[in-house]
């Protein structure tokens, strides 16, 4: 859990902004969303496999585009 120490004479808004940023970096909100409902292990594997395929396709497309620009 991210913690932020409020500095002396620091406005509340600035401290809140720092806390939100640290929560975002730690992935707290994403973790809460993923644990909001139970997901069957097979559904989780299927989702992760689909994400991997999508990432790979995106990587290949980026590499092909980069190769075209070199000529």
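Using N, Cα and C of the backbone, Cβ positions are placed for all residues, glycine too.
Swiss-Prot lists region 'Disordered' at one of the ranges 28-49, 50-71, namely 50-71.
Note: the region 'Disordered' (50-71) comprises 20 helix, 0 strand, 2 coil (DSSP; helix = H, G, I, strand = E, B).
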